[in-house]
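A short write-up of the structure that comes next.
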Amino acid sequence: EACYPPGTFCGIKPGLCCSELCLPAVCVG
C-alpha cells in the first residue's frame, strides 16, 4: 500500500505517512 508524502492529510493513521509521522493530522517530513 502506498504511503502519503508530507503535507498529506492522514487523520488518525500516521502509519500511512511515508515519514510515519502525523502532526497533528498532516504527514510531516
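Glycine is no exception: its Cβ is also placed from the backbone N, Cα and C atoms.
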Please work out, from what Swiss-Prot records, which of CYS10, CYS18 forms the disulfide with CYS3.
CYS18
Validating a neighbour-count step here. Other CB atoms within 10 A of the CB of CYS3 (disulfide bond): how many?
13
Between CYS10, CYS18, CYS22, which of the disulfide-bonded residues has its C-beta surrounded by the fewest other C-beta atoms within 10 Å?
CYS18
